[in-house]
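Chemist: One structure follows; several queries about it will come next.
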């Protein structure tokens, strides 16, 4: 017994030392990836608790205070929302603490890049405490999350526009016929996928024999926007390209599908309700993968974006300065030792991305459902979810068209 206790103590000490070494080895460059890892851990914890926590939560009187015990789905949804709330509070607190950091001499800069053992402990404590808050607070957070998820989708649009325009400029700058053909082929594939997907939307969400005017309006408006993208992009004064237009068209069609598939399952125009389980599983996997990739991309791009993530004092956000005279180089090198280096991106906005992503991931894991009700029953996907995604698609179209015509309308400004 004594030997077993010693062995257990040694193993625990080694494990603690290993964790301390790992978190202590996170450098300034890898801090953003570490935050991505923490966010991925929250998704894993949410997924696990979604599957196994229901029996335990049924025994907690401050959660299960209903006269009639709700279904298992209710507790699965509630567990995901509570983990998401803890994750949201963690990153929101960091976003508030990091507001206004301009240079690396700010003491909060060390907090952003270091102290990982304390951060992990605080994250765990916050997540655990969320299982002791009343159901009303969780219900309020879920309502806010639906709109926060829409805001996260808008951030995705900005990142997508940044990526697609960079992709297009990279291939065009090569000025070779091969790359022009590659641009044409990729654009053609995106348009074929878009129109094929649109045909499926008509088949799934406008069944014959039913009055589905609202669904038809959503799909037709999406088609009109797709044609508008192409016309504006090909206008000689705009000097656009079909590649960004085709990718944004496909993304808007996907948002239209996401909105229509979120309609109530007993709605006569939702043709997917008969096999909703298979569809929700595929949508959940695709949505989670998109979320993780979006957050990782925003973290990686945080040091290079000059529009959203870089503060005005950052060298990435400023224009090029004239070279110094040769005789002042030595003086400038001496000053650099005393001057504080500006931060390369906005720490506050960086953490805000994770806060919004926490809301969005919760909506994906719960199927955009309302978990808390007076009857204690699970109310499945509904119209608020539909409108969040549809309006996000319209906002996507507006942002893309603005990105095309803004340089033409305001030639003296940089966009």
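Each residue, glycine too, has its Cβ placed from N, Cα and C.
According to TrEMBL, the record shows the following:
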type     : residues : note
SIGNAL   : 1-18     : signal peptide
TRANSMEM : 79-99    : transmembrane segment
TRANSMEM : 120-141  : transmembrane segment
TRANSMEM : 147-167  : transmembrane segment
TRANSMEM : 179-205  : transmembrane segment
TRANSMEM : 217-235  : transmembrane segment
TRANSMEM : 242-260  : transmembrane segment
TRANSMEM : 280-300  : transmembrane segment
TRANSMEM : 345-366  : transmembrane segment
TRANSMEM : 386-410  : transmembrane segment
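How buried are the listed features, and what sits near them?
Modeler: Long-range contacts of the transmembrane segment (79-99) within the same chain: residues 39, 42, 45-46, 49-50, 53-54, 57, 108, 111-112, 122-123, 126-131, 133, 137-138, 141-142, 145, 347-352, 354-355, 358-359, 361-362, 365-366, 371, each at least 6 residues beyond the stretch ends and with a Cβ under 8 Å from a Cβ of the stretch.
Among residues of the same chain six or more beyond the transmembrane segment (120-141), those with a C-beta under 8 A of the stretch's C-beta atoms are 23, 38, 42, 45, 57, 60, 62-63, 65, 78, 81-90, 370-372.
Below 8 angstroms of C-beta separation, residues 194, 198, 201-202, 205-206, 241-242, 244-245, 248-249, 252-253, 256, 259-260, 390, 393-394, 397, 400-401, 404-405 of the same chain, each at least six residues beyond the ends of the transmembrane segment (217-235), sit close to that stretch.
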Chemist: When you scan the chain for residues with a C-beta under 8 Å from the transmembrane segment (179-205), skipping those not six or more beyond its ends, what do you find?
Modeler: 168, 171-172, 212, 215-216, 219, 222-223, 226, 241-243, 245-247, 249-250, 253-254, 256-257, 260, 263, 269-272
